[in-house]
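What follows is a single structure, written as structure tokens, with notes after it.
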Amino acid sequence: MSAQTSDNNLVASPDEPDNPDAGALTNPEPVADPDPQLWQRKKKGPLAESLKAVAGFGVTFRNFFRPYVTEQYPFEKVPTQPRYHGRHQLNRYPDGLEKCVGCELCAWACPADAIYVEAAANTPEAQYSAGERYGRVYEINYLRCIFCGMCIEACPTRALTMSNDYEIWDDNREDLIFEKDRLLVPLNAGMLSTPHPMASGTSDMDYYNGSVTGATPDQIDWVASHRPQDASLVSAGKPAQEVKA
């Protein structure tokens with residue numbers, strides 16, 4: 001029976017058992033022990049015990065005579081995919097002017113802070129790019145670069161792209177900071193080395209839209225008068241007007 005307290009709360013009586021069904025569990029049935037064969041290891045014979053040390057090399061022996069799966073670099077160099085993110089390069093227009101305008105957007109977009117750019121203004125006597133400014137200093141620190149490609153996505157003139165060259169190593173840390181002379185692509189046939197003026201009657205948008213397809217006679221004459229010994233004059237020759245109407 002239960003007793004009622006002054007605050008009307010029900011309290012269990014000392015004579016009342018906590019569990020009325022407790023008497024049914026006073027004599028539980030014993031649990032049978034598991035079969036030892038289910039968990040005990042079987043004893044191995046003398047031959048199996050002697051070969052136990054060799055059994056660990058089973059995977060090695062099975063794969064010993066299979067063909068190689070890995071590439072045998074550097075003895076065999078496999079071509080990369082076309083859109084592989086390798087070493088960066090600074091591109092030129094077909095007449096040799098640099099595409100980089102020193103906007104520094106690539107440096108701002110770099111999450112690893114691996115790019116450093118200093119811009120300078122073009123002048124009539126020192127025109128390096130098709131625009132008002134050019135990248136006077138351009139450095140990429142390959143000790144920091146993670147090859148994510150965000151810098152080339154930010155470039156408004158496609159001046160910075162990534163090549164398929166992946167052999168970027170050196171035993172000197174300072175040599176892994178590539179400066180502009182190591183990033184700028186070499187001159188192709190028909191290009192003039194900078195500085196030289198833009199093609200006559202053109203703007204930076206004409207260059208960007210692909211209207212300029214090579215060095216013009218006026219540009220060749222200008223380089224010949226200012227740098228007669230320039231080696232690029234030989235490859236540029238004197239082509240016809242290369243600016244589309």
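Placed from the backbone N, Cα and C atoms, the Cβ positions cover glycine too.
Copied from TrEMBL, the annotated features are:
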BINDING   C100, C103, C106, C155  [4Fe-4S] cluster 1 binding site
BINDING   C110, C145, C148, C151  [4Fe-4S] cluster 2 binding site
COMPBIAS  1-11  compositional bias 'Polar residues'
DOMAIN    90-120  domain '4Fe-4S ferredoxin-type'
DOMAIN    136-165  domain '4Fe-4S ferredoxin-type'
REGION    1-38  region 'Disordered'
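DSSP gives C145 ([4Fe-4S] cluster 2 binding site) a coil state; it is part of no helix or strand. Among the binding-site residues listed (C110, C145, C148, C151), C151 has its Cα nearest to the Cα of C100 ([4Fe-4S] cluster 1 binding site). Put plainly, the binding-site residues C106, C145, C148 were compared by Cβ crowding within 10 Å, and the winner is C106. You'll find the Cα of C155 ([4Fe-4S] cluster 1 binding site) roughly 16 Å from the Cα of C145 ([4Fe-4S] cluster 2 binding site).
With helix defined as DSSP H, G or I and strand as E or B, the domain '4Fe-4S ferredoxin-type' (90-120) counts 5 helix, 9 strand, 17 coil. Local packing around the Cβ, expressed as the count of other Cβ atoms within 10 angstroms, is greatest for C100 among the binding-site residues C100, C110, C155. Between the binding-site residues C103, C151, the minimum number of other C-beta atoms within 10 Å of a residue's C-beta occurs at C103. Taking the C-alpha positions, the distance from C103 ([4Fe-4S] cluster 1 binding site) to C151 ([4Fe-4S] cluster 2 binding site) comes to 12 Å.
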